[in-house]
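**Student:** Sharing the features that TrEMBL gives for it:
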type: SIGNAL; residues: 1-23; note: signal peptide
type: REGION; residues: 183-213; note: region 'Disordered'
type: COMPBIAS; residues: 183-192; note: compositional bias 'Basic and acidic residues'
type: COMPBIAS; residues: 193-208; note: compositional bias 'Polar residues'
type: REGION; residues: 228-300; note: region 'Disordered'
type: COMPBIAS; residues: 267-297; note: compositional bias 'Polar residues'
Amino acid sequence: MKKIAKKIMLLAVLAFTAPQLYAQVSLSVGLSVHIAPPALPVYTQPVCPGDGYIWTPGYWSYGDDGYYWVPGVWVRPPHFGFLWTPAYWGYDGGVYVYHSGYWGRHVGFYGGINYGCGYGGVGFGGGVWAGNVFRYNTAVNNVNTTIVHNTYVNNTVINNTTVNRTSFNGPGGVAARPNNEEQRAMNERHEQPTSQQLSHQQNASQDRGQLASVNHGRPSVAAVNRVNGNHFDSQGHGANMRNADNNREGEAGRNPNVNAGNHAEQNRPQETGSQPNNHDNAQQQHMQAQPNMSRASNHMQNNNHNAMAYHARPAVQHGEPHGGGRPAPHEHHR
């Protein structure tokens, strides 16, 4: 397991330090285990911390001690116009294979998993880019409209989905296959999770309160308003994460993260916290100056049709956790 983790981290480092090299490589290294991930926990989405943030749902990842919950979090994309395709677990050949999430101009396949907040299983209804401005759909996102003004309301994205807590694709889980649009998106250029997202996942992996074997499917920290920001339990109340500093909220805004142009409907969640506008402006300027980088094929970590499970502001959901143990994982190649 440690060898697998090191390889995944090495691939991430290569993607950030040599994006053009990474663009030419189709990564197919993934993580697979013999026990299903737990059901998605029900939790409340934190208020959006400010303009330019995009919601990325929480999900179950896997480490030496079994499954652990990576809280949902508001993050800045690597470029203007980029949208997030969540990670997901897929049952394949007798094992559960992890498909990593990625950034791109269109949302790809994420297993049909209903993560909530615009990620209903197909596409993204949480907001849409209008040039270099992200507009938030307040019908599915928690946005303070007195602070964030680029908003709209589209209720149609929440009318046709039966909400459940299933956290994996395949037999016994969600029976979904990529449609034509998702297939096209999967073949576009993509970028890995940002360095802040990787740091966020690492923090979760080091907190025993996030382990499914400890929390029994109810993580102590369900969501975070921004990387290294305020932490919340499933009811939206303040929570503590052992390895996070709640006072470093501004740090996320300092990390350059935004790129250009997607057509999916996205909306910007409410601001919870007062991040100075100069942080947003500085970051946007950096994003404009930052070239489009890696062209990772969708196949990053097992054909990367990503979508990992996190449930924000969910309706009534059914099902109990399917797993949470710690069988020895093995490396999966395709």
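Heads up, the Cβ atoms here are built off N, Cα and C, so glycines get one too.
What you see is a predicted model, and the numbers here were worked out from it, not measured in a lab.
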**Student:** Using DSSP, break the compositional bias 'Polar residues' (193-208) down into helix, strand and coil residues and give each count.
**Tutor:** 12 helix, 0 strand, 4 coil
**Student:** When DSSP states are grouped into helix, strand and coil, how many residues of the compositional bias 'Basic and acidic residues' (183-192) land in each?
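**Tutor:** Helix, strand and coil residues of the compositional bias 'Basic and acidic residues' (183-192) number 4 helix, 2 strand, 4 coil.
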